[in-house]
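One structure is given here, and the rest of the page talks about it.
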Amino acid sequence: MASNSFFLCHVLVMFSLASMSLSSSLSPYFYNHVCPEALQTIKRVVEDEVKQEKRMGASLLRLHFHDCFVNGCDASILLDKTTTIDSEKTAVPNNNSIRGFDVIDKIKSEVDKCCGRPVVSCADIVAVAARDSVVALGGPTWEVTLGRRDSTTASRTTANNDIPTPFMDLPALIKNFKKQSLNEKDLVALSGGHTLGFAQCFTFRNRIYNETNIDSTFARQRQANCPRSGGNSNLSPLDPTPALFDSKYFSNLVSKKGLLHSDQALFNGGQTDNLVKTYSTNVGTFSKDFAESMIKMGNIKPLLGNQGQIRVNCRKVN
């Protein structure tokens, strides 16, 4: 009888794994049968890490963003450089800037231990960790669709070309997001992710010293920690409450206190001004739109079915 039970269990597991490999679409219930504790395990590790360092929440959110904008949400950003992998980690938008790789490694280890084998993709871990980070810092939740598979390649060139820069004006930002099938509303809502985290001095130096559409007191305050030369990696908060998901990022834009050129570009006499104003006074509307746009971004060109692989180590191809 015991052997029959074991056989039945084994068959059910094999059936679940086969169903996973054949799936042609994302689903929030993707791991329900093969590893029902996976999502809770990710949430537990993320909450622990964010509790230790609030900034990590913003870093994990940014990691998902930078992953999805380069050939889709496929965890290509996690791959280390090898003779055959042109790592995205050294691309200009990521080099000495993108963070959270150790946390993803820790989540992967805990999830694989919980599941008994590597069945949860690194791409799904990045997507869920981003959501759980936002929630941990007071933001909205959303249903993450699952079933992404991991890439076997990376592209530093594509990362350099497709990740939006902090120096872009509004037309360039709109064009950049449109390339990912994201519209102007998505652009403004997702830029609101800058309600969390910090930016390095070199990304906003020109703005605080040379631009005119900036509050003079705000500029002087930021100059105190960002000299005209040197101090490139000195950090300044992207909004007044960098560890809390709120609408102060947008209030800052209305007051000409956007830290990055690309931030203030959203409120500078262009077609996104009205939406910025709406979000600045209605955190509920912003939160709702942000969640919807995160779902949309998370669905950019996923690898499905037998495409790609489920990596054993998120940093390298199996």
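Backbone N, Cα and C define each Cβ position, glycine as well.
The annotation signal peptide is assigned in TrEMBL to 1-23.
The disulfide bond annotation in TrEMBL covers Cys35-Cys115 (among others). Taking a C-beta cut-off of under 8 angstroms and a sequence separation of 6 or more, Cys35 (disulfide bond) has the following same-chain neighbours: Val111, Cys114, Cys115, Gly116, Val119, Val120.
The Ca(2+) 1 binding site annotation in TrEMBL covers Asp67, Val70, Gly72, Asp74, Ser76, Glu88. Counting every protein chain shown, 28 other Cβ atoms lie within 10 Å of the Cβ of Val70 (Ca(2+) 1 binding site).
In the structure as shown, the Cβ atom of Cys73 (disulfide bond) sits within 10 Å of 28 other Cβ atoms. Feature annotation from TrEMBL assigns disulfide bond to Cys68-Cys73 (among others).
For Cys122-Cys314 (among others), the entry in TrEMBL reads disulfide bond.
Around the Cβ of Pro164 (substrate binding site), the number of neighbouring Cβ atoms within 10 Å comes to 21. The feature substrate binding site is assigned by TrEMBL to Pro164.
TrEMBL lists His194 with the feature heme b binding site. In this view, His194 (heme b binding site) is surrounded by 27 other Cβ atoms within 10 Å of its Cβ, with every protein chain counted.
Per TrEMBL, disulfide bond is recorded for Cys201-Cys226 (among others).
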Candidates Asp67, Gly72, Asp74, Ser76, Pro164, His194 (binding-site residues) with Cα within 10 Å of Cys122 (disulfide bond): Asp74, Ser76
Neighbouring disulfide-bonded residues, C-alpha within 10 angstroms of Ser76 (Ca(2+) 1 binding site) - of Cys68, Cys226, Cys314: Cys68, Cys314
Near-site residues: Ca(2+) 1, ref Asp67, Val70, Gly72, Asp74, Ser76, Glu88, CB cutoff 8 A to centroid: His66, Cys68, Phe69, Asn71, Cys73, Ala75, Ile77, Ser151, Ala154, Ser155, Ala159
Asp74, Glu88, Cys201 filtered to the recorded positions whose C-alpha is within 10 Å of Cys68 (disulfide bond): Asp74
Separation of alpha carbons, Cys73 (disulfide bond) and Pro164 (substrate binding site) (Å): 16
Which of Asp67, Glu88, all binding-site residues, has a Cβ with the fewest other Cβ atoms inside 10 Å: Glu88
